[in-house]
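According to TrEMBL:
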- N9: active site (ACT_SITE)
- D198: active site (ACT_SITE)
- 1-111: domain 'HotDog ACOT-type' (DOMAIN)
- 167-269: domain 'HotDog ACOT-type' (DOMAIN)
Amino acid sequence: RIMRPDDANIAGNVHGGTILKMIEEAGAIISTRHCNSQAGEPCVAALARVERTDFLSPMCIGEVANVSAEITYTSRHSVEVQVNVMSENILTGAKKVTNKATLWYVPLSLKNVNKVLEVPPIQYVRKEQEDEGKKRYEEQKLDRLETKQRNGDMIFPIISPEPHTVGYSQSSLIHLVGPSDCTLLGFVHGGVTMKLMDEVAGIVAARHCKTNIVTASVDAINFHEKIKKGSVITISGRMTFTSNKSMEIEVFVDADPFVDESRGRYRAV
C-alpha cells in the first residue's frame, strides 16, 4: 500500500511501528491460511515472537510498501514466517529492501482460545532446511523462557528528574483495547502492540536527544500473554544505553483486564 502522512513522522519518514504492523499482518495471514489448509478445527494464528529485525533503509511518504511472506519452518504447534519489505518510488521506479523479519505464530482454536492446535507440516526442498529450522526453533524457545523470567521488572515514574538521565526521558502510553485492535478471537493483534511499542520508544528517544529520530532495529519481542478486548494496556519505555549515534530503549507492555475482576495486572510483552 502507499505510505501516507499519518504513517510517518514530521520529517516524512515512515514510522517503524507502521512497518512492523504491516509485517505482522502479512505473517498472520499466511500462518492462518496454512493452519486451516487441512480439515479440522478452524483457527487463527497468533503472534508469539518476533526475531531481531533491522530497518535497512528509510521509507518515505508517497512510496509504495510491498510486503511478502513465506513459511520457512513448522513445528508441531508453531509456524516460522520470513517477511520481506520492499519500498518502491512509483515516480522513478526505484526499489529497495527496507526490512527483513522472522516471526513465530501459534494456531489458536476459534472454539477455545486457550487451545493450541497442531500445525500441518510443510514440504522442504532440502533436509538441511528442516534441520536448520529446528535449531532456530529450539533457540527461540530458550530465549522466550529467559525473558519470561525477567517479567518482574518495572518502570516507575521519577519526580523532577535531571535532564539526560534515564528518568527524564522514560515514557508511558495508556491505551484502551477496542474491537478494531483485535483478532477474530477478541485478543489484540501483535502488530497493533508493536506499533504502540515503537511510538513509546520513539518518544523516549526524541525526549533524550531533542531531534528527529527513526527506528534502526528491533531486538526480539516475546509475546507471553494474550491481551483481551476491553483491557487497558500500559506501554512503558526507558533508555538502557546510548552510543555516539544511537540509543537503546527497553519497552514493557502490561495489561490490566479491569472488565475481568478475577485477574490482576500482568506483563504481556
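Backbone N, Cα and C define each Cβ position, glycine as well.
Per DSSP, the domain 'HotDog ACOT-type' (1-111) is made up of 23 helix, 52 strand, 36 coil. According to DSSP, the domain 'HotDog ACOT-type' (167-269) comprises 26 helix, 37 strand, 40 coil.
Between the CA atoms of N9 (active site) and D198 (active site) there is a gap of 12 Å, rounded to the nearest whole number. The Cβ of D198 (active site) lies under 8 Å from the Cβ of H15, G16, G17, L20, T215, V218, each on the same chain and at least six residues away in sequence. Confidence for the domain 'HotDog ACOT-type' (1-111), expressed as mean pLDDT, is 95.
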